[in-house]
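Have a look at the structure below before the remarks.
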Amino acid sequence: MKAGSGDQGSPPCFLRFPRPVRVVSGAEAELKCVVLGEPPPTVVWEKGGQQLAASERLSFPADGAEHGLLLSGALPTDAGVYVCRARNAAGEAYAAAAVTVLEPPPPEPELQPAERPLPPPPPPGAGEGAPVFLTGPRSQWVLRGAEVVLTCQVGGLPEPTLYWEKDGMALDEVWDSSHFALEPGRAEGGPGASLALRILVARLPDSGVYVCHARNAHGHAQAGALLQVHQPPESPPEDPEEAPAPVVEPLKCAPKTFWVNEGKHAKFRCYVMGKPEPEIEWHWEGRPLLPDRRRLMYRDRDGGFVLKVLYCQAKDRGLYVCAARNSAGQTLSAVQLHVKEPRLRFTRPLQDVEGREHGIAVLECKVPNARIPTAWFREDQRLLPCHKYEQIEEGTVRRLIIHRLKADDDGVYLCEMRSRVRTVANVTVKGPILKRLPRKLDVLEGENAVLLVETQEAGVEGHWSRDGEELPATCQSSSGHMHALVLPGVTREDAGEVTFSVGNSRTTTLLRVKCVKHSPPGPPVLAEMFKGHKNTVLLTWKPPEPAPETPFIYRLERQEVGSEDWIQCFSIEKAGAVEVPGDCVPSEGDYRFRVCTVSEHGRSPHVVFHGSAHLVPTARLVAGLEDVQVYDGEDAVFSLDLSTIIQGTWFLNGEELKSNEPEGQVAPGALRYRVEQKGLQHRLILQAVRHQDSGALVGFSCPGVQDSAALTIQESPVHILSPQDKVSLTFTTPERVVLTCELSRADFPATWYKDGQKVEESESLVLKVDGRKHRLILPEAEVRDSGEFECRTEGVSAFFDVTVRDPPVHIVDPQEHVFVHAITSECVMLTCEVDREDAPVRWYKDGQEVEQSDLMMLESEGPHHRLVLPAAQPSDGGEFQCVAGEERAYFTVTITDVSSWIVYPSGKVYVAAVRLERVVLTCELCRPWAEVRWTKDGEEVVESPALLLQKEDTVRRLVLPAVQLEDSGEYLCEIDDESASFTVTVTEPPVRIIYPRDEVTLIAVTLECVVLMCELSREDAPVRWYKDGLEVEESEALVLERDGPRCRLVLPAALPEDGGEFVCDAGDDSAFFTVTVTAPPERIVHPAARCLDLQFGTPGRVELRCEVAPAGSQVRWYKDGLEVEASDALLLGAEGPTRTLTLPHAQPEDAGEYVCETRDEAITFNVSLAESPVQFLAPEAAPSPLCVAPGEPVVLSCELSRAGAPVFWSHNGRPVQEGEGLELHAEGPRRVLCIRAAGLAHAGLYTCQSRAAPGAPSVSFTVQVAEPPVRVVAPEAAQTRVRSTPGGDLELVVHLSGPGGPVRWYKDGERLASQGRVQLEQAGARQVLRVRGARSGDAGEYLCDAPQDSRIFLVSVEEPPPVKLVSELTPLTVHEGDDATFRCEVSPPDADVTWLRNGAVVTPGPQLEMAQNGSSRLVLTKTKCSVPCTRTPSPETELLFLRRLQDVRAEEGQDVCLEVETGRVGAAGAVRWVRGGEPLPQDSRLSMAQDGHIHRLFIHGVILADQGTYGCESHHDRTLARLSVRPRQLKVLRPLEDVTVSEGGSATFQLELSQEGVTGEWARGGIRLQPGPKCHIHAEGHTHRLVLNGLGLADSGCVSFTVDSLRCAARLTVREVPVTIVRGPQDLEVTEGDTATLEWELSQTLADVTWEKDGSALTPSPRLRLQALGTRRLLQLRRCSPSDAGTYSCAVGTACVGPVRLTVRERAVAVLSELRSVSAREGDGATFECTVSDAETTGRWELGGRPLRPGGRVRREAASLLLEAMSVPINLSPRPSSPALPLQMCRRPPLEKTVLVGRRAVLEVTVSRLGGRVCWLREGVELCPGDKYEMRSHGPTHSLVIHDVRPEDQGAYCCQAGQDSAHTRLLVEGE
């Protein structure tokens, strides 16, 4: 189908496809279809590729969108496939259907009773009867290529006629005659017949239902079987390097696109034609598809192949291909399926589940919202909650539990939300039945029904039943795991519930049989024509045979000779003789006749009567003239109908009117007329008649007919002037209504009607006539006066539609919506008042009108209307409306069941409170007078100041003014048996840390006990301890203690690694501890000397030892300045305080300076080594003698104590010289002597000596060379199969490598001896086992066991298989003197063949050679083979093929040569090349050549289309071969390359293939990649590209591209992005003593930074804190001093930000209170006191200009001086007081402060003097003390405490002190 653009409309689409038709020869065949399109398509019909044209037998009726093909008198040549093709500007579509024409059964002559022969007497016990199947065909499941035989045996008398059908069609209509064979026979055990159907080579399209029909004179019987042909499993290719051929060739055009909503079905239909019938395969994404629960594959009734995907999911999207192939070629059709996903989706879809039979299965999914309703389905069946299907809803979870699983529960289940959003899953039920029956099966009446079941175990016996009754065995078949039920030609009686059961397991289906269109009746027979009297014809016929079952009639039609139209004459019910007079024809002429049979099922083909008859019609009057009455001025028309077409004459008042002119005039100025004749009708029109023409007489005359009529002229009629149209009027009671009708004539009578009834005048209705006006008056209109009024006169009327309404009604009360609350059984009354007493009122409840009843009474009293509920129930609640006219009053009634007193709360209430907080528990009742009872933990509460009980209307409260911890518990508000529950939980207020307030720094020495203590504001508050950000766990090295509010962390023996930052976290507050553990000095305590000289001998053991303190000190060893590493030659040891270095085998090169170094000390060892004499490092025991076989290599080796020492080898006391097969070489300290191939001369004693002097160290070896072993030479195979014939001698022969000892023979594990029938023989190296007179018991496993080898013989004793001739001899014609080669092939291959010539046995000789190759036998002479398949030699002129064509496999693009050899040199053109039976087309790539006997066909650059069967033909011989073309091997031209990118970047992988249009898969880490926002896949020509965006470290891995068997991979490496500094601080200026905070922000969380000040690295200290908070890095410097000023920088990796300048300004100190004069008595103390602005400022006291130092009588306390026991009078006068200083900020908060959510934030400032007032602001708004903000003052220090910090607390804060202010910014971070 071609796709069209949007402005061209829509392409054709078939709404109904034509259905296949089967008719009897001579009957009528009709195909119908419905096709739509815009513009309407043009429809043509085709057959065999040729367009059909209309003819006498073929017509194409069309009715709107319905188009048909009508074939009359169908002949066998009309059978075939008809294609309906529809096309328009937007595209094209087609549909096809098959027409089958059957030969009618031969008619049986009907004998008269007297003529019927008497039947022969039946044999005893037997009689005639309808056919009965003795043995029915059996269903079979075979592989493609296998032979299939279906057999049936039928009994019956007379002998029935048998024939086979496949899928309702005759076999010769489906197959060629070469594909099958029918083998008739006789039934066994009685009268009857058998017929076997043999399918020679089964193909996939042969699958179907085969029905054997049996018919005789007494009836008909049929039996069916199912045949399923499966594709054999694919075998691996012979060439392992050969790529497998693709299943589907590449598409040559873009596939169609099909969209389907998720959860809907997708149906693909493919119609394929071809001969032989093509094989169909479905593929998805290049992979073959197999049918399953959601993928159905079948063939519809129209012959189309259908793939149906049920409940489409996103995973079903992809390319679907229908591949069709047969021996002539292949074709493809593809469609791309897109699944449109809904916006609203399941949060967690269903998953496939499995369950055992009789168990349960649970399906679970999750919806996005708990309020969304869902429904469960099993396929299309809605599942309702019950014991079997338990449906559970828990929040957003939806769960279906299927109990008591059975086989029929296996299937597809769906959960559906609104808008038909679905999630789908398969439920698999494991049990005896693997494949169940379908839920239902719809079959047309007369078709075949097939039901299949697969069981888990093979060979089990199953039972088929229908509606509880067992089905006959003839329709049941089983094979292995499969069980089939075949019901051929089903009828309505076959419908019902069909069940298959095996054991306790069963599966059921509902078989439904639908009616089909019945065949029309047969045609009449023996139709004859007899020409009777003048102008008549006699037609006779007989009823059809067989007679139709339904009533029928005969329809007779005529046709004038020379015309193509048939016209119906008449219909009759009975057959016989019919006389057709001349009056039946319209005109004189020759006529033909035909007859057909018509019933409710259609009509039969027409039967044409032979010959024609000449008939002349006789005119007679059919419809005569009638008198005509017209009005003055109108035309008068006279007409009559005759029985035949004939000319006539018109007369007016006796005067003939001229008929040769169409118009005329009686006389000048008189009446004008017009004469017309149309077929059988004659008309006379008198134009514009006048009153004086009244009474005129009109006549008509023709042969045999005369008629006349009169003309009457009437006055012109009256008509209505107004109103011209219907009038609609609306009035209100009691208005006056006047209806007026004006006529064209005055005083003309008129009649009034109302609603069709004539009105009568009365007081309420007055009728008046005034000239031409007629009036109807209603003085006071009422509602009942509404209706349709009509003023009627002389056939014309005027209509008035009058509507009278009451005046509008208004509702006086209520004016607003009324809400009514009541309890059960209470009387409820709703009242509505209107402004008019008689106004109708209607009551509605929830939109439906209320009817009077005992439960709901309606009352009216004047303008008051009431609706009363005498005993209201909860179901009576709802919305009521009182409707009066256009106004409504609304009432909402709520009826509360008395069983539910409590309106609120409806569920359990949980209340969380903090101690001393106010808690209120509220309960609302349905009635204000109800009394409740409050309880706590089961005990009734008592009202007190700490617990108040309140009552207000329907509300009841329990109030706890200041809740305490003991108030926690469950409170109940009880009334009757009902209660409301409140769970109150009271907790303590947030925990605060009392001590320490500041960070604590501790420095300890290793193994010292470290105690960290934290005191809380509450004893039972939980705390957590953290170290370096990780929570600590208690162990022996870390102890956690608790003593009331004090919490301790104890390190009993601290180690350096225990140091770090510890945090005591109390939830709302934290305390920080910095612990540093230093290690003690590491010393070497022994030896005392720091340098030692040591001497050792080589080779020997060297050990260096020292002791360290403490015992756990680490040491390093050095040799000659380089650190050593432990190895096998150098061992490092540590045991307690001892450290050792050991050289197990010291060598001279090991001498040198060794140093052992701790962290604080070192010791030196000077080691010298003396060389020792060379020794052999031999084992304690002497080497054992070495025994080898001749020719084996020998290796003798020994090891010396020194690598460079020389050695001397000797053999039997003589020095060994290298050469003559001996090799000497050294490998370090090893010395080796190698003998390549040992001989007997090499045996003896070999000695290796360290030096030539006598007594030198040596080692000896003894070599012995043994004789070679005896081995088995033949047979070579370890196992040999031997076949012997019964009675013959069994001989097993073994050849050894040489004469040796006797061998042992075994049979089935038992040793054999030479006795009886068993003889053991030995002749040199030949060993024989002979068993005479072999029997079946001699079969088994025989073992020949030689000393060094063995052989096994598998012996079978059986009759030789029959010899068959596989291929016959081929006649040859050769020239005299040439060689002749005869070839034949026999089975089995080892059969004996005898060659004969002219009947005499021939033997090999110089002129005759015989050869054998496998099963082939060849002879080179003119002889004759003894097998019966012989042929007579051909004449000399025959051209035969000696070497025939061979199958060829080639790759696309290669050159191919096909070659044959003929027996003689033929003339040019003597052979012909064909393909698929057709001559080769003209193609430049094809060329043919002949070289003597050789004929060649060259195909250059083969393509896939060249694939097929090629043949070479002569006039006498033919040879065929198949050319297979595999696609060009796919190769990688440019492979993938490794890609390295940075984190967050993108990577592009690209490769180039050798072919275009290849579809492959991209994968990363073995997971297939799908296109998405971060993954883009492109394919353009040969290039394939993959782009990955937004890469992370986890994306590193292997990226691969796979297509078919080709795979290309590359490595993706994602580097971590270098850490950068995103934001740095600004220059900072602080006051001396304040805290300075510098903050940097990094690009990553995990990064190490380096801090520097003025170029020097910084380390943490009690005043310097370095913190990491996420990506933020903080440097906090407390109590700044001028020395802290400088430049600070932060470096991370290669990134560095800074420097930042820190400025520390000197703190300004002011005297806040001056010294005052003090008077004291001698001996008393004197105190001088002054106050300064900074508490930490140190002052200097002077007395008389001299400085005072504390001690003795002087004691200094802060800013006070105390003089005690003064012995002399003293009078100190202070300096004059200074004026008051302005209030200033001495210490400011940091510019930024970061606090975690939920913690406490403290902002502090210090002002210049005491008593100064400060003001705190946030974002410019002054803060007030409360629960959130707490303001504290302690001397000159002021603090703002923010409790329970939240994200909304983040912002700018300001503290104002006089004219000075300090600003800070609070940052809030999450936990």
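Keep in mind that glycine also has a Cβ here, set from the backbone N, Cα and C atoms.
These figures come from a predicted structure and were not determined experimentally.
Database features, via TrEMBL:
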type: DOMAIN; residues: 12-100; note: domain 'Ig-like'
type: REGION; residues: 103-129; note: region 'Disordered'
type: COMPBIAS; residues: 103-125; note: compositional bias 'Pro residues'
type: DOMAIN; residues: 131-228; note: domain 'Ig-like'
type: DOMAIN; residues: 342-425; note: domain 'Ig-like'
type: DOMAIN; residues: 520-618; note: domain 'Fibronectin type-III'
type: DOMAIN; residues: 717-803; note: domain 'Ig-like'
type: DOMAIN; residues: 807-892; note: domain 'Ig-like'
type: DOMAIN; residues: 989-1078; note: domain 'Ig-like'
type: DOMAIN; residues: 1081-1168; note: domain 'Ig-like'
type: DOMAIN; residues: 1179-1264; note: domain 'Ig-like'
type: DOMAIN; residues: 1268-1346; note: domain 'Ig-like'
type: DOMAIN; residues: 1618-1710; note: domain 'Ig-like'
type: DOMAIN; residues: 1776-1857; note: domain 'Ig-like'
According to DSSP, how is the domain 'Ig-like' (131-228) divided among helix, strand and coil residues?
10 helix, 61 strand, 27 coil
Could you break down the residues of the domain 'Ig-like' (1776-1857) into DSSP helix, strand and coil, giving a count for each?
3 helix, 41 strand, 38 coil
Suppose I define contact as three or more CB-CB distances under 8 A, residues 6 or more apart in sequence; do the domain 'Ig-like' (12-100) and the domain 'Fibronectin type-III' (520-618) meet it?
yes
Please count the residues of the domain 'Ig-like' (989-1078) that DSSP assigns to helix (H, G, I), strand (E, B) and coil.
3 helix, 50 strand, 37 coil
So what's the mean pLDDT when you look at the domain 'Ig-like' (131-228)?
84
How about the domain 'Ig-like' (1618-1710) with the domain 'Ig-like' (717-803) - do they touch, taking at least 3 C-beta pairs under 8 Å (6 or more apart in sequence) as contact?
no
For the domain 'Fibronectin type-III' (520-618), what are the DSSP-based totals of helix, strand and coil residues?
3 helix, 52 strand, 44 coil
